[in-house]
Amino acid sequence: MKQQEKTNGYAHILKYMGVFGSVQGMTIGLGIIRNKLVAVLIGPAGVGIISLFNSAITLLTNTANMGLGVSGVRNVSEAYEAYDARRMATVVDMLRFCTLLTGLVGMALCLLLSMVLSKATFSDDEHMVDFMLLSPVVALSCITVGETAILKGARMLRRLAQLTIVGLVVTILITIPLYYFYRERAIVPSLLVAAVVQTCATVLCSYRAFPLRLNWDMRHVRSGSAMIKLGLAFTLAGILGNGADLFVRSFLNNAASLQTVGLYNAGYMLSVVYASTLFSALEADFFPRISAVNQLQYTTNVLVNRQIEVGLLIVGPLLVVFVLALPLLVPLLYSSAFAGVVPMVQVLSFNIFFRAISLPLEYIALAKGDSRTYLLLEVVYDVAFVVAVIGGMQLGELWGVGLCLSVMGLFNLVLVACVVQKRFGYCMRRSVFRNIGLQLPWLMLAYATTFVHNMSVYCLVGLALVGISSYLSVGALRKKTRR
C-alpha cells in the first residue's frame, strides 16, 4: 500500500516529469534550432509542404501499425514485471514480427495511394513521385513504433531519449546543408534521412538490450492478433485524428495558400505540438499506472486528480511566460515572415490549458478497456477540430482559428468530464477547481496584456504576472509534496 501511494503521489509525478523534462527540453531546443534554420532557408511555403508530407506519412503510419505502440507497451510491461525472461523474449519477438509486417503494409499503401495522396493534399498529381519515394519512411516509422514500445515497457526511456538527442543532432548536421544547397528540392531526401536516423537510433538501443532473434513464424501473427485488437480503437482514433489534421491543412491550402499552411503549421508546432511534450509522461508513466488500478475506482480518481493538479501547476506559469514572450520568440525561432502567426498562438494557449485537464480524463476509458467510449470521444473531438478551423478561418483567419480551437478545447473538456463521470464514476475534487482558479486568471490577464502597446507597461505588467503565477504554483507544489 505504501509503495502504491509512493508511486501514485505528487512527488512521483513531479520526479518523473523532471527526469524527462530535462531530456525533452534539449530535444525541443534542438528541434527549435532545426525549425529555425529550415524556416529561414525555405520559407513558409516550404514549411507548408513539409507539414503536408508529414501529415500524410503520420496518417499512413498510424493506419498500418494497428495500435501496436499502445498495446505493445502493455504486453511488454506485463512480461517485464513478471521477471520472466522467456516470456519477455517471446513478447519482444512477437512485437517485432508484427511491426515488420505492418511496416511493409504501410509502405505498400503509400506506393499504391501515391496518386490519391498527391491530389488530396496538393490538389494535383505533381507530388505522386514524392510520395512514392517517401514510402520507406512509413515502414521505418512502424518499426520505430515497435522498438519504442519495447523500450517503454522495459522502463528504458531515459536511454531512448538520450539516443533521440543524438539522432536529432545527426539529422540537423545532414539535412541543413541539403536545404542550404537545394532548398525545396531537399524536402523529400531530408525526410528520408530523418526517418533513417531516428530508426537507427531506436533500433541500436533496443537491439542492445534485446538482441534480434530470427526465429519468427506464423505463431507470432496468431499471438499478436490479441495485441492488435487491443490497439484497434487507439489506431482508429489516430487515423481519424491524422485524417482531420490532413483535411485541415488541405483546406487551408485550397482556401488560402501554402504560405497560410506554413504559418498554421508554425503556430500549431509552437503551441499544441511543443506543449504535448509536457504531457508526454502521461503515455509512458501515467497510463501504465492508471491501467494497473483501473478496477479500483477511488484509487483511479485520486491518481487522475493528482495528475491534473500537477499538470495545471506546471503548465499555468509556463503559458503566462509563453503568451507574453511570443512576439520575441516567433522571429527568433522561425523568422520575421512568421510574425503573422503570433495572435493565433497567443489565443490558442487557452486550448493548452484546457488540454492539461482533459487529457488525463481521456485515458480513463482507454485504461479500463472501454474502446467504444474512447473512440466516440475521439470522433467528437476530431469533428469539432475540423469545424473550429473552418469556422475560425471565416471568423478571423488564423486568429479566428486559434480562438475557435480554444473554445473547442473547453467544449471537449466539459464533454469528457461529463462522460467519464457518468460512465466510470469519476469525481473531480475541489482541489482541482482551486488550482484552475489559481492559474487561469493570470493566463487571462497575460492575454489581455498582449493588447497593450506601451512597451514599458507591457514589460512591467508581464513580469508581475509571471512572478505571481510562478510564486503561487511553486507554493502549491511544495505543500502537496510535503504531505
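Placement of Cβ uses the backbone N, Cα and C atoms for every residue, glycine included.
Marked as transmembrane segment by TrEMBL: 12-33 (among others).
Residues or ranges marked as transmembrane segment in TrEMBL: 39-60 (among others).
Residues or ranges marked as transmembrane segment by TrEMBL: 94-117 (among others).
The transmembrane segment annotation in TrEMBL covers 129-151 (among others).
Look at TrEMBL and you will find 163-182 (among others) tagged as transmembrane segment. Sequence-distant neighbours of the transmembrane segment (163-182) (same chain, 6+ residues past either end, Cβ-Cβ under 8 Å): 23, 26-27, 30-31, 33-34, 37-38, 41-42, 189-190, 193-194, 197-198, 200-202, 204-205.
Residues or ranges marked as transmembrane segment by TrEMBL: 188-210 (among others).
Sequence annotations record features per position, and here TrEMBL assigns transmembrane segment to 268-287 (among others).
The transmembrane segment annotation in TrEMBL covers 308-326 (among others).
Residues or ranges marked as transmembrane segment in TrEMBL: 374-393 (among others). Counting residues 6+ beyond its ends, the transmembrane segment (374-393) has Cβ neighbours under 8 Å at 233-234, 236-237, 240-241, 243-244, 247-248, 251-252, 255-256, 362, 365-366, 399-405, 407-408, 411-412, 415-416, 419 in the same chain.
Outside the transmembrane segment (399-420), and at least 6 residues removed from its termini, the chain residues within Cβ reach (under 8 Å) are 264, 267, 343-355, 357-358, 361-362, 364-365, 373, 377, 380-381, 384-385, 387-389, 391-393, 426, 428. According to TrEMBL, the transmembrane segment annotation covers 399-420 (among others).
Taken from TrEMBL, the feature transmembrane segment applies to 432-449 (among others). Note on the transmembrane segment (432-449): residues 305, 308-309, 312-313, 315-317, 319-320, 323-324, 346-347, 349-350, 353, 357, 458, 461-462, 465, 468-469, 472-473, 476 of its chain, located 6 or more positions outside it, place their CB under 8 angstroms from a CB of the stretch.
Same-chain residues lying 6+ beyond the ends of the transmembrane segment (455-477) with a Cβ under 8 Å from its Cβ atoms: 10, 14, 310, 313-314, 316-317, 320-321, 324, 435, 438-439, 442-443, 445-446, 449. Annotation comment: TrEMBL describes 455-477 (among others) as transmembrane segment.
Under 8 Å from some Cβ of the transmembrane segment (129-151) lie the Cβ atoms of residues 53, 56-58, 60-61, 64-65, 68-70, 72-73, 76, 92, 95-96, 98-100, 102-104, 106-111, 113-114, 117-118, 157, 159-160, 187-188, 191-192, 195-196, 198-199, 202-203, 205-206, 209-210, all in the same chain and six or more residues away from its ends. Panel annotation: around the transmembrane segment (39-60), residues 106, 109-110, 113, 117, 120-122, 130-131, 134, 137-138, 141, 176, 179-180, 183-184, 187-188, 191, 239, 242-243, 245-246, 249-250, 253, 257-263, 265-266, 334-335, 337-338 of the same chain, lying at least six beyond its termini, place a Cβ under 8 Å from a Cβ of the stretch.
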